[in-house]
Amino acid sequence: MERKSYVFGNWKMHKTAEEAKDFLSVFCPFVKEISPASIVGIAPSFTTLSACCESIKKMDSSIWLGAQNVHQDSSGAFTGEVSLPMLQEFHVNFVLLGHSECRHIFHEEDSTIALKVGAAARSGVVPVLCIGETLETRESGTTKDVLSNQLILGLAQLPETASVIIAYEPVWAIGTGKVASTADVQEVHAFCREVLSRIFSKEKSETISILYGGSVKADNAEGFARCPDVDGLLVGGASLDPQVFANVVGNFNL
């Protein structure tokens, strides 16, 4: 079974509803014109999901809509949280889970992330499990140990037949302008696939898409596309401008 390719944009805490609609009015036609092999998606803030959902539907676009996080319970006394049923009202296709900013700023633990991954998968929303090492980890030579643990613990609640996407984002490369070499990225992705084969099976590991994120731009997207174990991109800052993001999508799909 051939792995699917994805290029997702993570808007983080950027764009109002009006700004999101303006973005999509420009970006959706770009995507239609490029007609990429990759599935293209955006993960806006919670407050812009409604506007994005409306715009995507209005323009009859194939763009996937994603969320940046979710609570593992469907309802309850969890002030400030958002549930999967709430996301599904906006036809959300995927949800980012375990992003390094959630891990390090908000102290999300692997056990909680695992519950979120399982809940998303059971609800029919594709979980995108984000993993990555810090600069300290990289320099200490323990990158593979950290990534292996994040995969094993983060996927502990995933139903056996459910779909999942992995996004490798080295923390030291997010928003820093530092970019991992294509050789380094391929080595890490191949290692992650090996870990996935131990968690599941060799056959299933070959069906799981692994995305790369970390200062991805239009001028390095094509290089990552040549890596056999890089199945897509998770794009941060370069996804905020419709023309720039379209160039990233186009270059990854040359």
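Cβ atoms here come from the backbone N, Cα and C positions, even for glycine.
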Check Swiss-Prot: it lists Asn10, Trp11, Lys12, Gly175, Gly236, Gly237 as binding substrate. Then name which of Ser25, Ser163, Ser181, Ser215 it lists for that same site.
Ser215
Between the Cα atoms of Gly237 (substrate binding site) and Glu169 (active site, proton acceptor), find the distance and write it as a whole number of Å.
14
If you measure Asn10 (substrate binding site) to Glu169 (active site, proton acceptor) at Cα, how many Å is it?
12
Pick the one among the binding-site residues Gly175, Gly236, Gly237 whose Cβ has the fewest other Cβ atoms within 10 Å in this structure.
Gly175
What recorded positions in the list Trp11, Lys12, His99 lie within 10 angstroms of Glu169 (active site, proton acceptor), counting C-alpha atoms?
His99
Please name the residue among the binding-site residues Asn10, Ser215 whose C-beta has the most neighbouring C-beta atoms within 10 angstroms.
Asn10
